[in-house]
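A.B. asks: Pasting the feature list from Swiss-Prot:
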{"type": "ACT_SITE", "residues": "99", "note": "active site, proton donor/acceptor"}
{"type": "BINDING", "residues": "251, 339, 345, 375, 447, 475, 478", "note": "(E)-cinnamate binding site"}
{"type": "MOD_RES", "residues": "195", "note": "2,3-didehydroalanine (Ser)"}
């Protein structure tokens with residue numbers, strides 16, 4: 001909605017008085033385009049605050065600090081802020097009765113005082129009711145630094161709109177603290193986000209006023225007193241609060257909405273990652289790509305589903321794995337089910353609604369961080385204070401509860417896909433547990449990781465339970481309904497962290513599967529070559545070099561190799577307890593039984609040559625299998641890795657080359673967790689964003705045409 005601000009009075013000028021059109025307009029375009037915009041804003045060097053244009057990406061950038069984004073205040077906002085501050089002073093001087101200026105607070109607002117400044121100091125004192133635990137070094141009861149920085153940024157943005165009765169100089173001081181990486185210590189718990197985040201925000205006010213119990217953390221993590229913090233930030237002196245200023249600082253939703261902003265920044269990126277990993281899952285599982293066909297999803301109408309399918313379709317379009325899988329399905333259509341299982345086939349239908357929920361929550365929080373959410377509001381143009389309830393953080397609680405449920409659903413899909421990937425009953429020829437070593441009896445691959453994934457998924461599903469239905473009546477039944485916005489944001493932050501753990505484990509497993517497919521292809525080529533050589537030498541050529549009719553058995557024995565999963569026998573390829581040798585023997589016996597007349601002649605008998613065939617194969621095949629493994633380990637495989645011809649390659653390259661991870665085997669000392677840590681830290685630091693978006697750089701925002 002376009003707004004007109006005349007003399008500090010907002011009026012609707014767009015014909016959209018209820019803001020529904022603006023809300024719908026904000027959802028135009030693809031989710032991926034929105035994520036790209038978010039990332040672009042995250043990487044800007046400066047964030048200019050004016051009150052109405054703050055974005056999720058900007059909040060995440062300032063929250064995570066590191067000197068990357070500096071905060072500037074729009075000078076044009078100064079006049080409106082000053083006008084509301086002066087109105088409060090003039091109102092009090094006239095003797096006008098105003099909530100929180102001349103009255104007590106909440107259920108005790110019947111009390112009156114003319115000591116406006118003292119009242120604000122008392123507000124900050126009694127709200128400093130948080131618990132920090134053993135001391136400044138203990139972080140278990142202290143709000144994380146990024147969350148506090150997000151809260152500071154959002155609160156300044158709100159107050160800049162000029163409806164709160166606070167001096168511009170106080171907002172400048174908070175901005176200096178942000179830009180100098182000085183962060184007040186706020187309690188982790190103690191707010192119900194209605195009437196705003198009173199308790200945690202009071203500690204920011206406490207630092208600004210120099211309360212002796214106030215602490216801050218400096219750029220290097222050092223603990224600072226209020227005096228030390230102000231000196232480092234270049235703020236000359238503590239503030240003596242004027243009437244309404246304490247209330248303006250504490251009576252808002254900035255802590256809950258600030259944390260929600262950083263949470264949703266990550267959640268949106270993880271949602272896109274889940275789409276790309278689902279496509280990679282289809283590649284390594286030799287899936288059938290028709291599950292992404294646009295007509296299927298167009299007929300369902302849901303935009304999230306249509307986009308998820310289109311993204312997966314784009315990744316799979318032209319994929320070398322898909323081309324190879326199509327050949328396999330055509331060669332032996334009965335070798336695998338007609339349809340893939342739900343974790344693959346319905347992944348767009350599953351992910352689509354979750355992405356719609358996360359996107360809607362993102363827009364809801366983006367509106368909240370640009371809202372005026374304290375009480376009372378100062379309307380200078382009408383010369384009045386408006387007593388309302390914008391401090392009620394219900395949009396935060398609802399958005400976070402919904403997002404957490406969506407995050408849990410994404411995690412559930414990852415777990416289902418991961419479970420198929422490590423199970424040799426379902427994974428179309430990959431080894432059990434994705435074991436990459438020579439001896440499966442001494443290599444259990446991702447077995448521990450699968451147990452960990454079950455743990456992550458269980459905790460994530462528990463966290464999906466709502467927070468907002470646990471409201472308790474507070475503050476002498478004045479705050480009898482309250483949003484629990486920050487609590488819900490905190491739980492969603494936990495959920496996002498667990499989804500990062502799951503994404504990490506799953507992505508490393510997908511890269512392991514890619515490498516195993518590469519090894520499988522080279523092994524199969526070597527096995528076919530060895531079997532072909534022995535068949536020619538033993539079965540089709542007589543003692544004098546003459547060809548026998550049994551040469552046709554070569555085609556059949558090679559078909560056995562084609563149809564047998566190479567990892568079902570690769571650790572001991574000539575073992576008669578494994579299917580390869582059993583089936584080769586069976587096919588030769590079948591040939592012998594099919595032609596008794598030929599079998600009567602020892603020169604042409606296939607049956608009499610079975611022993612020689614197996615003996616020669618036992619001499620050649622193990623050497624060939626070992627040769628292929630050595631070449632793979634040395635990076636000299638005859639067949640290149642197919643992943644390089646796929647749009648999912650940037651993710652694989654990032655995990656393998658940039659993070660220096662490798663195929664996990666029982667032969668190496670490196671544990672799975674060591675590799676997972678590398679990827680988890682990269683995801684947490686935002687380093688996965690570029691390779692993820694590189695996978696989709698050629699996508700035009702539309703599905704492949706069905707015409």
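Going from the start of the chain as shown, residues are counted 1 onward.
Positions of Cβ are set from backbone N, Cα and C atoms, glycine also.
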A.B. asks: How far is it from residue 447 ((E)-cinnamate binding site) to residue 195 (2,3-didehydroalanine (Ser)), counting Cα to Cα, in Å?
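C.D. replies: On Cα coordinates alone, these residues lie 49 Å apart.
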A.B. asks: Any same-chain residues 6+ apart from the residue listed as '2,3-didehydroalanine (Ser)' with CB under 8 Å of its CB? Would you list them in sequence order, or say none?
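C.D. replies: In sequence order, 106, 251, 375, 391, 392, 475, 479 meet the Cβ cut-off.
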A.B. asks: Distance check, please: Cα of residue 345 ((E)-cinnamate binding site) against Cα of residue 99 (active site, proton donor/acceptor), rounded to an integer number of angstrom.
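C.D. replies: So the Cα of residue 99 (active site, proton donor/acceptor) lies 59 Å away from that of residue 345 ((E)-cinnamate binding site).
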A.B. asks: Measuring Cα to Cα, how many Å separate residue 478 ((E)-cinnamate binding site) from residue 99 (active site, proton donor/acceptor)?
C.D. replies: 14
A.B. asks: Compute all pairwise C-alpha distances among 251, 339, 345, 375, 447, 475, 478, the residues listed as binding (E)-cinnamate, and give the largest one in whole angstrom.
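C.D. replies: Overall maximum Cα spacing for these binding residues reaches 58 Å.
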A.B. asks: Residue 475 ((E)-cinnamate binding site) has how many other Cβ neighbours within 10 Å of its own Cβ?
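C.D. replies: So the number of other Cβ atoms within 10 Å of residue 475 ((E)-cinnamate binding site) is 16.
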A.B. asks: How many Å lie between the Cα of residue 339 ((E)-cinnamate binding site) and the Cα of residue 99 (active site, proton donor/acceptor)?
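C.D. replies: Pair distance, Cα basis, whole Å: 66 Å.
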A.B. asks: With a 10 Å radius around each C-beta, find which of these binding-site residues (251, 339, 375) has the fewest other C-beta atoms nearby.
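C.D. replies: Result for the binding-site residues 251, 339, 375: minimum number of other Cβ atoms within 10 Å at 339.
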